[in-house]
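Listed in TrEMBL:
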TRANSMEM  90-111  transmembrane segment
TRANSMEM  123-141  transmembrane segment
TRANSMEM  156-175  transmembrane segment
TRANSMEM  187-205  transmembrane segment
TRANSMEM  217-236  transmembrane segment
TRANSMEM  248-271  transmembrane segment
TRANSMEM  277-302  transmembrane segment
Amino acid sequence: MVVFLFVLKSVLASTGDRSQMFYSCLQDCLAQNCSGSSQDSQSFHVLRALHWTCSDECKYFCMWPTVNWFVEAEIGVQQFYGKWPFIKFWGIQEPAATLFSILNLVGHVVMIRRFRKEVRPSAPFYVMTHYFCVICCHAWLWSTIFHIRDVRFTEIMDYLGAFSMVLFSVYHFLVRMLAFQPRSSQYSLFFGMAIGFYFVYHSYTTFFVKMDYGYNMLINIAFGAVNILGWSIWCLKFYKRRPYVKQCAAFVALVAFTTLFEVLDFPPLFWVLDAHALWHLSTAPLAILWYNLMCLLVNWSLFWHGGSGFTREIFNKLNEYFLASRC
């Protein structure tokens, strides 16, 4: 801790919008284009459907000469209002992150259709997998909308959508681990109500009390770590007993690895591709691995707990042969 305190540096966020050059440019632009009749004459610049106001257009216009000045002065690219400068495309604020969010959404839709073909409706966790797909699609929809246009409502919905995915992942893990234990339904109801009430409480405080960015990030990381740690322990426990555990371990490792993109932070490449967009791109293939894993888990659970003792004995022999041949 002592060593850590010595390497701390004082930093200022959003120094771009606080610079004198940006401020002077913004004031001139607002006076010339956003007052009275001048605002009406410039209304074709404002994409009203995406709530781009005249003031927003002036901020975007003044951002680029300020960025050029920072670069020429060898200060480096700075953030404006908490964001890196991005090139706007057809009114879309962050084109790359928007595209990759859509890619994640499409991945869940395509893979749930495959899941339906390979798993029969009477199988365990069939309905829960569909619930998870709906929650993920809802989250990626709001992620797409947020990256198209960043306003307070879309920002909160994006954060809550991501948090709902993390929470339901933890609930899914807990229910699956306790599914074949005594009183599993009571445990499922208890964890579901507890997690559900906490999500409602957090949503209420975020909307009507305070949008606490630090707290929101902290709880996402905490529940995400619980989910990764839980699946990791499960993989270690069944590594030599079930043939698909390697695929689960690979998925967990990739989830942990891709999360590192959220830790990184650098100016966008070509003013389009930043670390957050790369994170969305890296998570898109994970949907394929996840639903493939769900097909294996559900089918194995159905066979193991629904089959006779003789069939399970045969399966054990085949499983041992499979593991030996893979080694």
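Placement of Cβ uses the backbone N, Cα and C atoms for every residue, glycine included.
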Whether the transmembrane segment (123-141) meets the transmembrane segment (248-271): three or more C-beta pairs under 8 angstroms: no
Same-chain residues near the transmembrane segment (217-236), Cβ under 8 Å, at least 6 residues beyond its ends: 162-163, 166-167, 169-170, 173-174, 177, 202, 245, 248-249, 252, 255-256, 259
Paired segments the transmembrane segment (187-205) and the transmembrane segment (156-175) in contact, 3+ CB pairs under 8 A: yes
Surrounding residues of the transmembrane segment (90-111) on its own chain - C-beta under 8 Å, 6+ positions past either end: 47, 49-50, 52, 133, 136-137, 140-141, 143-144, 147-150, 268, 272-274, 276-277, 280-281, 283-285, 287-288, 290-292
Beyond the flanks of the transmembrane segment (277-302) by 6 or more, those residues with Cβ under 8 Å of it: 94, 96-97, 100-101, 103-104, 107-108, 111-112, 114-115, 118-119, 123-126, 129, 136, 143, 176, 179-180, 242, 244, 247-248, 250-251, 254-255, 258-259, 261-262, 268
